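K.L.:
I have a structure here, written as structure tokens, and I will follow up with some questions on it.
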Amino acid sequence: MQNNIIIFDTTLRDGEQALKASLTVKEKLQIALALERLGVDVMEVGFPVSSAGDFESVQTIARHIKNSRVCALSRAVDKDIDIAADALKVAEAFRIHTFIATSALHVEAKLRRTFDDVVEMAIQAVKRARRYTDDVEFSCEDAGRTGVDNICRIVEAAIKAGATTVNIPDTVGFCLPTEYGNIIDQVMNRVPNIDKAVISVHCHNDLGMATANSLTAVQNGARQIECTINGIGERAGNTALEEVVMAIKTRQDIFKGLDTRINTQEIHRVSQMVSQLCNMPIQPNKAIVGSNAFAHSSGIHQDGMVKNKNTYEIMSPETIGLKKEKLNLTARSGRAAVKSHMDAMGYQQNDYDLDKLYAAFLKLADKKGQVFDYDLEALAFIDMQQGDEDRLSLDVITSQTISNLPASAFVQVELDGKKISQVSNGGNGPVDAVYNAILAITDMDITMLHYNLTAKGEGAEALGQVDIVVEHKGRRFHGVGLATDIVESSARALIHAINAIYRANKVADLKSHKISQ
């Protein structure tokens with residue numbers, strides 16, 4: 001049996017399904033390239049049949065990724081499989097992942113079929129996928145609530161049809177470790193052709209068991225773990241990549257000789273990137289990547305740490321690429337210093353625009369004095385979303401609030417190269433007043449669905465990141481803004497969302513024009 005545990009990342013498929021607003025193709029590609037540097041073996045990047053946007057993002061990622069295998073999801077339906085193959089065909093190497101529900105509840109209530117029908121559908125789906133690639137994964141949806149006899153029967157049939165990976169998902173997070181481990185053990189010992197395929201596991205965290213179930217499955221013979229960065233995913237989320245990888249690495253007394261290809265020093269950086277781009281804050285006490293994961297407050301713990309780090313630290317923060325911040329970046333620092341800090345954090349220059357980053361850094365350094373590495377990361381990721389094609393940009397903003405009186409604001413923007421000013425009186429607070437002014441300038445009909453403010457850094461001069469989700473003509477758009485001033489970061493978030501709407505409207509107009517020709 002192989003000693004390498006295959007890491008199958010589904011952040012861009014299962015993880016993205018949990019987001020309030022979809023990622024752009026550019027944002028998905030950023031994450032995919034980061035996952036490639038992290039060393040994931042397989043990345044599942046979308047469900048191409050679901051939308052033209054998903055097809056485009058899968059195709060774009062497939063074109064750029066060279067060192068990881070790109071995978072797309074499809075139901076056990078010919079059309080799904082054909083479209084997935086079409087999106088993936090530009091890849092260096094690709095996998096088609098097809099699935100069908102197998103639990104009695106799903107087979108009878110959702111599919112309205114017999115289990116014999118389901119087995120035949122699985123066989124035909126795998127055979128069709130094998131027309132396009134020799135790397136086919138088959139999943140028994142809701143395997144956690146499927147009888148073991150039926151799991152073994154359909155797994156054997158799928159392998160005989162050509163599946164090279166068979167996935168046994170706990171789709172609704174129902175299983176406890178002992179019973180899930182037993183399912184994997186039964187499959188290992190009862191399926192006669194199991195040596196011709198890799199057993200994969202895909203666990204959800206509804207009962208908080210995703211990591212434990214995945215690790216127990218490995219102990220019972222599974223050799224692929226499906227997971228996401230930070231554990232993001234539907235409902236309570238998926239198995240967290242960083243947790244299973246570091247558990248295997250840290251507990252070699254149990255996982256003797258087993259390892260992954262993951263470059264663990266990239267974990268912190270990728271975790272932060274996914275958190276920021278997906279607008280999914282990481283809880284402070286989150287294992288491995290939370291801000292408190294390596295913090296020791298108790299006096300007794302601190303004393304032990306000073307004497308010997310191993311007293312309370314089972315792994316070092318450096319292992320996941322977490323470095324202590326240095327207070328040596330100021331407005332006097334040059335481009336080389338900024339680039340050096342980005343290099344030290346593991347970024348390559350094609351990950352960001354140094355000119356834009358340095359200009360944003362100087363503005364922030366003038367306000368803050370000292371700039372930290374986490375500030376640079378935030379500036380790089382947020383600013384690179386504000387593209388050169390933006391029609392709307394912020395020039396000047398002022399707001400005023402007097403006790404018991406409505407707030408007022410003055411906003412000056414540049415729209416299509418023309419400077420426009422607007423005064424707004426009667427806002428329910430300064431942010432509302434600024435938003436009223438911007439919407440008056442753009443004449444945009446927008447409904448605010450979500451507003452979230454997060455501090456990036458520490459102290460009174462910390463950056464404030466505002467993430468919003470707005471609705472326009474039935475579609476949702478995400479906006480993000482970053483500044484030391486909350487009102488300014490709020491304005492920038494709205495302008496970011498409006499630019500996304502402008503781009504979407506432009507695409508719709510082009511499509512309409514093409515159809516009419």
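We count from 1, first residue shown onward.
Here the Cβ of each residue, glycine as well, is placed from N, Cα and C on the backbone.
Reproduced below are the annotations present in Swiss-Prot:
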BINDING   ASP14, HIS202, HIS204, ASN238  Mn(2+) binding site
DOMAIN    5-268  domain 'Pyruvate carboxyltransferase'
REGION    393-517  region 'Regulatory domain'
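Mind running through what each feature is packed against?
P.N.:
Within the same chain, the residues at least 6 positions away from HIS204 (Mn(2+) binding site) whose Cβ sits under 8 Å from its Cβ are PRO169, ASP170, THR171, VAL172, GLY173, ALA210, GLY233, GLU234, ARG235, ALA236, GLY237, ASN238, listed in sequence order. In the three-state DSSP reading, HIS204 (Mn(2+) binding site) counts as strand.
Averaged over the region 'Regulatory domain' (393-517), the predicted model reaches a pLDDT of 83.
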K.L.:
Including all protein chains shown, what's the count of other C-beta atoms within 10 A of the C-beta of HIS202 (Mn(2+) binding site)?
P.N.:
29
K.L.:
Can you check which residues sit near ASP14 (Mn(2+) binding site), meaning Cβ under 8 Å from its Cβ, same chain, 6 or more apart in sequence, and list them in order?
P.N.:
GLU44, HIS202, GLU226, THR228, GLY233, GLU234, ASN238
K.L.:
List, in sequence order, the residues of the same chain other than ASP14, HIS202, HIS204, ASN238 whose Cβ lies within 8 Å of the centroid of the Cβ atoms of the recorded Mn(2+) site.
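P.N.:
Output for this site, in sequence order: THR10, PRO169, THR171, CYS203, ALA210, GLU226, CYS227, THR228, GLY233, GLU234, GLY237, THR239.
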K.L.:
Kindly assign ASN238 (Mn(2+) binding site) to one of the three DSSP-derived states: helix, strand or coil.
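P.N.:
The three-state answer is strand.
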K.L.:
For ASP14 (Mn(2+) binding site), what is the secondary structure by DSSP, using just helix, strand and coil?
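P.N.:
The three-state answer is helix.
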